[in-house]
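Q: Pulled these from Swiss-Prot:
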{"type": "ACT_SITE", "residues": "Asp259", "note": "active site, charge relay system"}
{"type": "ACT_SITE", "residues": "Ser282", "note": "active site, charge relay system"}
{"type": "ACT_SITE", "residues": "Gln333", "note": "active site, charge relay system"}
Amino acid sequence: MSASKMAMSNLEKILELVPLSPTSFVTKYLPAAPVGSKGTFGGTLVSQSLLASLHTVPLNFFPTSLHSYFIKGGDPRTKITYHVQNLRNGRNFIHKQVSAYQHDKLIFTSMILFAVQRSKEHDSLQHWETIPGLQGKQPDPHRYEEATSLFQKEVLDPQKLSRYASLSDRFQDATSMSKYVDAFQYGVMEYQFPKDMFYSARHTDELDYFVKVRPPITTVEHAGDESSLHKHHPYRIPKSITPENDARYNYVAFAYLSDSYLLLTIPYFHNLPLYCHSFSVSLDHTIYFHQLPHVNNWIYLKISNPRSHWDKHLVQGKYFDTQSGRIMASVSQEGYVVYGSERDIRAKF
């Protein structure tokens, strides 16, 4: 495997931040655009804003929700600066606001709520949305297929590729197509998609698939050298947060994956082929964290599209832990996505 392909799955390197001050950070590397896009990947902004804020809260505080807005398209040719503002420090909750800048202009903002970790004995009322039979489940090979091979069969097959090429010029570019394959095969996320993922003829209100993160991330709280310090000084601010030393990096990784193949799935609910949009931009992104997301395990995702109107589309996702069957996170995103008429798309495809 080439160095460039290995770098595609190096999440720590992709998201790495350099401190400018205790509350300001700059990206170490340029923020990449996803395949087929000109702007910075939204998941990079969401996850880096969370990572920046984690550098300013004590070890025993965990994120419970994140509300963010994409204000201006990110420039992949310029590093991003993040400023973390402390809104409130309480005994049980901490509120942070993170602002991202390029060229001295605000491009993204997020508000993040952290809650102190409580003892299990404290919990009184409990309820978890659970999917029966999901516990310990692996993707059914009769219904799901690894994304790389599915893309090659359902999109890159010469006969089918010509149909996609009629919708967009990028499908006439062999280099661009190889980038899609590389992203599926070597990228941060590994997917198991339903076999009709790229073009579904059935009418449905729900899309489900499996996803996990390839690079290993610890689930042991404060697994690095700071573990003993955490035991005696839980309110200590960490010196560093990496996939190896802090289980809270799972939240960062989840924030990254939560913006991938979410808004892009809108055509699935309208019996249109994926990638048939002419313009797409995310407007906002909200995450509710219900538990520590173990991102190296398969995560089962159920997506719905409650509303599409006047080029504004709302998608919602429920993410379930396949080890327990319990819901681990809920995500909502609205985007401004422009499509041609359904009749024209179907006629071309």
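Just so it is clear, glycine is given a Cβ too, placed from its N, Cα and C backbone atoms.
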Q: Do me a favour and check the Cα-Cα span between Asp259 (active site, charge relay system) and Gln333 (active site, charge relay system); whole Å is fine.
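A: With distance taken Cα to Cα, Gln333 (active site, charge relay system) is 8 Å from Asp259 (active site, charge relay system).
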Q: List the residues of the same chain that sit at least 6 positions away from Gln333 (active site, charge relay system) in sequence and have their Cβ under 8 Å from its Cβ, in sequence order, or write 'none'.
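A: In sequence order, Asp259, Leu262, Leu263, Ser282, Leu283, Asp284, His285, Thr286, Leu314, Val315, Gln316 meet the Cβ cut-off.
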Q: Report, as a single number, how many Cβ atoms besides its own are within 10 Å of the Cβ of Asp259 (active site, charge relay system).
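A: Excluding its own Cβ, the number within 10 Å is 24.
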Q: Could you say whether, by DSSP, Ser282 (active site, charge relay system) belongs to a helix, a strand or a coil region?
A: strand
